[in-house]
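**Student:** Sharing the feature lines straight out of TrEMBL:
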- A:13-429: domain 'TRAP C4-dicarboxylate transport system permease DctM subunit' (DOMAIN)
- A:12-39: transmembrane segment (TRANSMEM)
- A:51-76: transmembrane segment (TRANSMEM)
- A:97-128: transmembrane segment (TRANSMEM)
- A:140-164: transmembrane segment (TRANSMEM)
- A:176-197: transmembrane segment (TRANSMEM)
- A:225-247: transmembrane segment (TRANSMEM)
- A:254-273: transmembrane segment (TRANSMEM)
- A:279-305: transmembrane segment (TRANSMEM)
- A:317-338: transmembrane segment (TRANSMEM)
- A:344-359: transmembrane segment (TRANSMEM)
- A:366-393: transmembrane segment (TRANSMEM)
- A:413-433: transmembrane segment (TRANSMEM)
Ligand code: NA
Ligand code: NA
């Protein structure tokens, strides 16, 4: 173990402490990168930062972030989404936790339109958080549902992570897409089941609508739902529809959603110039917060890897000479643990290539391994301290403390582990669909 | 003394192009008895794929792998050292121009002077086979079929396909397969049968068109930071130099083996239909290339100089090969290969 | 002590209940900051407001460009040569330069698990030490390294290579050092605010 490798470990430990000092997280990551990078690599650390910034700046697919955030702010200002959730709540008035169902179903549908976590968590957070707060829903469980639901986008295609992961592991991208659909839906079902059971056992977590506020009849409830659903269907049509029919790329689909939202506010007579100005301005702030955080965590991961710590961990594990299942388990544990301080990119680029040869030698199904890794990496977004989903939500739902968001997220991390174990025990969950589709 | 280099390529980990640098590292480590160890990481590990050359020059990484099609934004002559048709010389012949026709010196001039990366030592390696025309919904039967075709390709082939009348669409590399699947683009090309298969192209298109003059092979680059190079003793320098040559040959031979197997798998098990590109389309490709290259040459002295040097070599070599090599169709017919 | 623009904004607030939230956010009370520092803070903050305002309209431009491109390609089979480059350049410019505006509005998320329980004075002390010891040095180097890349790009007239448009790249590369510069400028305002928070022990 060289000095630089040790330095990388210290960098990780310092992050755990430093991030809680309360300075903005993005800048904490950047200054730690500068500090440890400079000790280990000299001036090169600064160049490395510029390369990482440039990398984020030239990723065209991330342009979906401002587009979806803008869509969210426009809808928020027009009160359109509130109406949808209210309709939903009216219809399921007697069911405790109706809003959890609403959030999770919306997240799953939204996941088929985008794979950019920053976009989905902020959008769903913006729309659902105020309603959940107003309905006296449990903050932790609400925040957990939104963050966990929002990260489904990276598992359910399309997803940039899967597109990057496929060629790294020698697996065809369409097959990998197919392999991740059932695990993604399995996770949705786990989430749904969990929130419903919790609410059934403890109704105050997601209180049903008080008797006085319930709709007078089914007709009223259905009408509310219809009115609420219409704009939503139009927007999903604009976003998802334009992507699935080949009209638009995912980025353009996000733009279609934003333009659609703008047209809806005009149609509903809710459009004013000051409102537009505010939505645009807030879009700049939230977009910048999201992407600066991404950039900072990429810088952090790049320096960590360049110091040699990442490769050292992987090589050490490979040298253990484990049996095939041991390799899989070791890989899963390492990816899970590294997901706490790091994001998916540094893990995919450094660890998988080192592990790949032994996984291939062990004659394990690479498609299955990739699906496992993908589920595991999705968890990285939910595991503090570098838990992007928490910070994205915090930016648009300031009423919830990070402590509440964390404690909600932990419950869903546990569900993710359950899903991971299920896919581990029953490889068919991942392998069945690709076989049916491509063989 | 032992030396350890951090190497990053511009490619994905499973890609043949990336694996060429992994092989090179293995050869060098073995030949040097472990005195020079290269740890090779894929594109994006430390810097974005497009920045590997810059990063070697800065010293952010010690060495890098890529190909000059990546540097056409810095200066368009890069394409001439990578996959431009080279007056009919496929990349293995282009390597001949580089060794014996002055190409190597021109490439060093390109990197060190034109692009001003003066802290970089460059090598050319690993000639690839000609790149297929791409994955189509329906086979192209005439030049007219190319008109308005939504085609995705990077670098100077963009100019060529536009010249031929295609509606060239720009989507990021990560979006190529999904975009084909949804139909945002109709047609795309990637690299080789094996690489195309890994990327999943046969899962979204079934008509695989070849051959093509659009990218007549590819020559890769290996870059070493000058300070790192200068500190090597002479014997290690020689090991790297000859390691590059050995891997160049092995890459080509490996390519014959792996790509033929991949093509068979795709045809026999994945329902892929290989369609032959009509001669008139290939003629049109060369016409379009010539127009594009002449355009750049008229604007840029260095570009013209490289082009002249290639022509001089090709004038001897292309006719030699045509005369000395018996035509392949006789062997195909005689042995009953199809 | 009172400056004219405070009154103006308050009057505007009364006139229009529907005033954008953003204008309400802009009126951070600076009463505990004496002149001339108050003037400096106000100037710096208005500067961040100003480029934030410009960037906000770029968001709308981005929407228009990507939607038009999809229509051009799908309905008219004639994709543009510039939409691809425009979309990532606009997006990158928005989030990079917007970082300063975001800092001005406290938009960069903090891990507030402990932070929020500390006294305003401790919070200010933490902020000041981070800014002075780590933030400014980090940004100086970021600026320097970013500037070098932009200059290199300018010297070889580097162009983007993905599309036929091939726009000149150095202005976009220059966004990195300008971002660092804007962040440092905004950092000065934040340090002054934190300093007087530390001095008076008062958040406002
Ligand atoms: Na998705
Ligand atoms: Na994490």
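Glycine is treated like the rest: Cβ placed from N, Cα and C.
Neighbours and distances for these, please.
**Tutor:** Under 8 Å from some Cβ of the transmembrane segment (A:12-39) lie the Cβ atoms of residues 45-46, 48-49, 289, 292-293, 295-297, 299-300, 302-304, 306-307, 309, 341, 385-386, 391, all in the same chain and six or more residues away from its ends.
The list of residues near the transmembrane segment (A:140-164) in space but at least 6 beyond its ends in sequence, with Cβ under 8 angstroms from a Cβ of it, reads 61, 99-100, 103-104, 106-108, 110-112, 114-117, 119-121, 124-125, 128-129, 132-133, 173, 176-177, 180-181, 183-185, 187-188, 191, 195, 198, 205-206, 243, 250, 344-345, 348, 374-375, 377-378, 381-382, 387, 389-390, 392-393, 397, 400, 404-405, 407-412, 415-416.
With a cut-off of 8 Å between Cβ atoms, the residues of this chain six or more beyond the transmembrane segment (A:176-197) that come close are 97, 100-101, 104, 107-108, 111, 141, 145, 148-149, 152, 155-159, 162, 165-166, 206, 367-368, 370-371, 374-375, 378, 411-412, 415-416, 418-419, 422-423, 429-434, 437-438.
Outside the transmembrane segment (A:225-247), and at least 6 residues removed from its termini, the chain residues within Cβ reach (under 8 Å) are 71, 75, 80-81, 83-88, 90-91, 109, 112-113, 158, 253-254, 256-257, 259-261, 264, 268.
With a threshold of 8 Å between CB atoms, the same-chain residues lying at least 6 positions outside the transmembrane segment (A:254-273) that come near it are 63-64, 67-68, 70-71, 74-75, 77-80, 113-114, 119, 231, 234-235, 238-239, 242, 247-248.
Distant neighbours of the transmembrane segment (A:279-305): 8, 11-12, 15, 25-27, 29-30, 32-33, 36-37, 40-41, 45, 48-49, 51-53, 55-56, 62, 65-66, 69-70, 73-74, 76-77, 118, 122, 311, 342-343, 345-347, 349-350, 386, 388, 391-392, 395-396; these residues of the same chain sit at least 6 beyond its ends, with a Cβ under 8 Å from one of its Cβ atoms.
For the transmembrane segment (A:317-338), the residues of the chain that approach it from at least six positions outside its boundaries are 310, 347, 351, 354-355, 358-359, 362-364, 369, 372-373, 376-377, 379-380, 383, 417, 420, 424, judged by C-beta separation under 8 angstroms.
Within its own chain, the transmembrane segment (A:344-359) has Cβ neighbours under 8 Å at 154, 161, 164-165, 168-170, 298, 301-302, 304-305, 310-311, 313-315, 317-318, 327-328, 331, 334-335, 338, 366, 369, 373, 377, 380-381, counting only residues six or more beyond its boundaries.
The list of residues near the transmembrane segment (A:366-393) in space but at least 6 beyond its ends in sequence, with Cβ under 8 angstroms from a Cβ of it, reads 15-16, 19-20, 25, 29, 117-118, 121-122, 125, 129, 143, 146-148, 150-152, 154-155, 161-162, 165-166, 169-171, 175-176, 179-180, 183, 187, 289-290, 293-294, 297, 300, 328, 331-332, 335-336, 338-344, 347-348, 352, 359-360, 400, 402, 405-406, 409, 412-413, 416-417, 419-420, 423-424, 427, 430-431, 434.
Panel annotation: around the transmembrane segment (A:413-433), residues 148, 178-183, 186-187, 190-191, 194, 328, 332, 336, 365, 367-368, 371-372, 375-376, 378-379, 382-383 of the same chain, lying at least six beyond its termini, place a Cβ under 8 Å from a Cβ of the stretch.
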